[in-house]
Every structure is written in C-alpha cells, then in structure tokens.
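To start, the structure under review is shown below, and the notes come after it.
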Amino acid sequence: MSTSASLQRPDPTSDTTPFFSDDNEAEGSGEPGAGPSQRREVEEPASGVSSMRSVFTVIVLCFINLLNYMDRFTVAGVLPDIEQYFGINDGKSGLLQTVFICSYMFLAPVFGYLGDRYNRKVIMSVGIGFWSAVTLASSYMAREYFWLLLLTRGLVGVGEASYSTIAPTIIADLYVKERRTQMLSVFYFAIPVGSGLGYIVGSKVDDIAGDWHWALRVTPALGLVAVVLLLFVVKEPKRGAIEARPEHTLQRTSWLGDMKALCRNPSFVLSTFGFTAVAFVTGSLALWAPAFLFRAAVFTGERPPCVKGPCDTSDSLYFGIITVVSGILGVASGAEVSRRLRLRTPRADPLVCALGLLLSAPFLYLAIVFAQASPIATYVFIFLGETFLSMNWAIVADILLYVVVPTRRATAEAFQIVLSHLLGDAGSPYLIGVVSDSLKQTDSYLWQFRSLQLSLLTCSFVAVGGGAFFLATALFIEKDRQRATNYTPSDDEPIVVPKSGRSARVPVSNVLI
C-alpha cells in the first residue's frame, strides 16, 4: 500500500516537460488499442524530424552562423576608417571587439540554461531579431558618440549568445557518429567563411559608399531573412532521442549539478582550455591583422597613410579572401584527417587539434616577422597559419558533444564559450592594443608598425600552449567518451515514473521497494 501511494505522490517541484516546446511529447504506444497516429509515430525518425528536413535545418543554421561571423568581423574590415573617424588609439580600438565578446560570453550561460530546458527555436529567433536591430542601430553613430558605438557592439553579443550556444545541440539531436561530424563540419565552415566575408563585404561596401557606416547595414537585412527561415524551416528535434535515449529517459539535473559533472570531465575541461588558445589567437588576428598589414605597407612606403577617410581597405579584402579559403581548407582537412586517423586510434580528435595548433604557431610567427620585408611571403605564411588553426573548429565541437550527455550539452556549450572567451578573445584584442600603445616610443609610422608587430608575436606562443592542452586531452578522451555513452543516473538522482501519459520525475527516496 505504501508503495503504490508513494508512486502516486510525485515531487511537486519536479521538472516536467518544459513549456514553449514543440517536441513530440507522446510516450509511445506499446499499449493495446493504439491508434493509427500512434503507429505512424513509431515509424518516424527517432529525432522526430525527417531526413530531408534535417538537411534543410543544418543549411539554415549554417547560413545564420555565417551571418553571425560576417557581422562580428565587418568592424575589423573597416577599422582604419573607424580609428580615423573617432580619433581613437589602439587600446580603444581593441575595446570594440572586447565589449562584444564580454557581453557574448557572460550571457552564454543564461542561454545555455534556457536551451537545455525550453524551445530552442524560439530562443534563437528572438535573439537573432534583437541582434539585427542593434547592429542596424550601431551604424548611425556620430563622431562624438564612440561610447554609444561600444554599447551597441556589446548588445550585439546578446543575440549571438542566444544562437551560438544552442545551434550545435540541435545538430547533435539530428545526427550521430560520422554523420554528425560531417554536419558539424558544414556548420563550422561558416566561421572562417563568414569571418572572411565580413572583411570583404565591409571593405567593398566602404569603398563603394565612401562611408564605413554602410558596411554595418548589410547583415541586419539578412538577419530578418534568417529569422523567417528559422521559424518556418527548422523543427525542434527531440533531445537525445537519436542516440536511442529518448528525452523522457534522461534526467535533467540542477544547473549546479550539471556544472559539477562538467568540471569532473577532464576531456571537456582540457579541450576547453585548448580551444581558449584558439580563441585568443583568432581574436587577436581577426581585429588586428588587416590594420597590421596596412601599417606595414605605410611603413615600407607602398601605401599613403590614412589622414582623411575613406582609408585604403585593400588589406582587409585580401585578408578576408585568405580567411575564407584557408578556413574551408582547414575545417575540411581537419575533419578528414580526424576521420582517417580514427581508424587507427580513438584519440584522433584531440591529436589532430594539437597538430593544427602546433603547426600554426611557426607560420604565424614568420608572417609577423616578414611583414616589412616581403608582403607576398607574409600573405603565404598567414594563409598556412590560418589553415592549420582552422583544423580545430568542427573537431572541438564534436569532442564536446560526445563526452557530454544530451541534457547538459547547451550548458556545456555555454561554459566553453565563457571560459574560452574570458581567457581568449574577450581580452586579447584589447591586450594587444594596450601592449602596442605601451611599446610605442614615438608616434611615427615606424613605431605604429613596430609596436603592433611585437605585441602580435604573443599569438605564436599561446598557440603552442593550446597544443599542449589538446595533447593532455588525448590521455582522457577514451574514458570520458565511454562514460557519456553509457551514462545512467546515479542513485541520488530522480527517476521517471509514468503519470497520466507523461513522464514525471520522483526522487528515489520517495519510492519504497
């Protein structure tokens, strides 16, 4: 009697199926008398999304990711114009990227928490709409309102955090194993391609319009298209169902419990530190490489200095093209090398990430050193360095998804975003700018170039450190992947009992055996 009474008394505080969810909530229909609709449900893909719609979903998510990175690096593409327009130094220029990254990383845990519990499509749609509106507003700043430009760039991080934290978890709920790696590679192609297009679009629109403000008005219009596609094409998949563990058999623990579990996961923690080095290097180069190349050309006499806008943005155009091509080659080669190496060792993913960082370091060093001697050699070394650096993008995301259980993935994405940006590209653009200002002995063209050159050399040493973290990840990756694959709730976690056709969570202590 006590047993049946206990089973009927679920914990009133238990977390039932979240509102704002379009997941299919039916429990299945092994019961006699199941209707035709229930029988058809069994024939649906485990994720609840057809294979064709899954492909379209990845395409839409990739398009939005491309827009995210286009917007992020359009500012870097017209940075010389912005510096001249507002009359700011290197330190303040670095703040443009830093305030955006700080907003982005501090809000990522909020959206990670929401993304593990509520409808991900709705969250992303609202965030992208907000991001587009704020980006458009930032294109109307007058000379005396540089602080307002900083504020709007910070608010752009709200929208991007709502998307970047959640989108990979949707792909993870649509595909598994090799197919997931392939789709993540497609998704992360958008990072280098979008970044490069940001430089290209920014520089060309600036040249055509003769005003850098117009460069910031391209992505907001495309952002509205992205919201429409997201609402009408993307369908929310069932969390974890594709991995033969439907959502109602996986227990959501508290946020604190999730964080404790993630901190006890060495593969996740070490790969996050390795990715932090990637973020530091890419963040520094993304903002400062075009300006550095422009200063090198001014120092060698190849280009006139920028006294009155619009400035010569050809270096941004060239750097953008290099970023697109090297990014495509890097992401594709990283995924392919990892796929082939997995046939020989289960530690392939972290080893490929380590190889990419360790190989990028000397080429980036040579690119910075050769800047005043040979522009062609500089571009070649930048191309090689960025290609090896881009090998990490899709693989790091894949590592996170297979060493973390489905109900913690958005939280894990958020944690990785916070840590990698906090210690990586949140501070690196500003740090490079401050170090550059401190090294200047005079305000001559020589020292404008030389001080920035010396400060950028830091990137090579950080890349080596990141490679070491990925080598350490390889020591734990097999054990952590197996633990996530065979995950079962511990005795002190709630179990699921059926109640009125739904799953209700009841603490173990309430069930008498």
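Including glycine, each Cβ sits where the backbone N, Cα and C put it.
Remember, TrEMBL labels are computer predictions, not curated facts.
Here TrEMBL flags 1-19 as compositional bias 'Polar residues'.
Across the residues of the domain 'Major facilitator superfamily (MFS) profile' (57-483), the predicted structure has a mean pLDDT of 83. Summarising the annotation, TrEMBL assigns domain 'Major facilitator superfamily (MFS) profile' to 57-483.
According to TrEMBL, the region 'Disordered' annotation covers 1-46.
Per TrEMBL, transmembrane segment is recorded for 55-75 (among others).
Beyond its flanks by at least six residues, the transmembrane segment (95-115) meets 72, 75-76, 79, 82, 123, 127, 149-151, 153-158, 160-162, 164-166, 169, 255, 283, 286-287, 410-415, 417-418, 421-422, 425-427, 429-430, 433 of its own chain at Cβ-Cβ distances under 8 Å. If you look up TrEMBL, you'll see 95-115 (among others) marked as transmembrane segment.
Taking Cβ pairs closer than 8 Å, the transmembrane segment (122-142) reaches residues 20, 64, 71, 111, 114-115, 148-149, 152-153, 155-156, 158-163, 166-167, 213-217, 219-221, 223-224, 226-227, 230-231 in its own chain, all 6 or more past its ends. Taken from TrEMBL, the feature transmembrane segment applies to 122-142 (among others).
Positions annotated as transmembrane segment by TrEMBL: 154-176 (among others).
Annotation source TrEMBL lists transmembrane segment at 183-202 (among others). Sequence-distant contacts of the transmembrane segment (183-202) (same chain, at least 6 residues past either end, Cβ-Cβ under 8 Å): 58, 61-63, 65-78, 167-168, 171, 174-175, 212, 215, 218, 286, 290, 313, 316-317, 319-328, 330-332, 335, 386, 390, 393-394, 397-398, 401.
The transmembrane segment annotation in TrEMBL covers 214-234 (among others). Among residues of the same chain six or more beyond the transmembrane segment (214-234), those with a C-beta under 8 A of the stretch's C-beta atoms are 53, 56-57, 60-61, 63-64, 67, 70-71, 74-75, 77-78, 121, 124-125, 128-129, 131-133, 135-136, 138-139, 170, 201-203, 205-206, 208.
Per TrEMBL, transmembrane segment is recorded for 268-297 (among others).
If you look up TrEMBL, you'll see 317-338 (among others) marked as transmembrane segment.
Long-range contacts of the transmembrane segment (350-370) within the same chain, counting only residues at least 6 positions beyond its ends with a Cβ under 8 Å from a Cβ of the stretch, are 267, 271, 274, 277-278, 281, 285, 292, 330, 334, 337-338, 341, 377-379, 381-382, 384-392, 395-396, 399, 453, 456-457, 459-461, 463-464, 466-468, 470-471, 473-474, 477. According to TrEMBL, the feature transmembrane segment maps to 350-370 (among others).
The transmembrane segment annotation in TrEMBL covers 376-405 (among others).
For 417-435 (among others), the entry in TrEMBL reads transmembrane segment. Sequence-distant contacts of the transmembrane segment (417-435) (same chain, at least 6 residues past either end, Cβ-Cβ under 8 Å): 89-98, 101-102, 104-106, 108-109, 112, 161, 164-165, 272-273, 275-284, 286-288, 451-452, 454-456, 458.
Within the same chain, residues 266-267, 270-271, 273-278, 280-281, 284-285, 288, 292, 346-347, 349-351, 353-358, 360-362, 364-365, 368-369, 389, 399, 403, 431-433, 435-436, 439 sit at least 6 positions outside the transmembrane segment (455-477) and bring their C-beta atoms closer than 8 Å to a C-beta of that stretch. TrEMBL lists 455-477 (among others) with the feature transmembrane segment.
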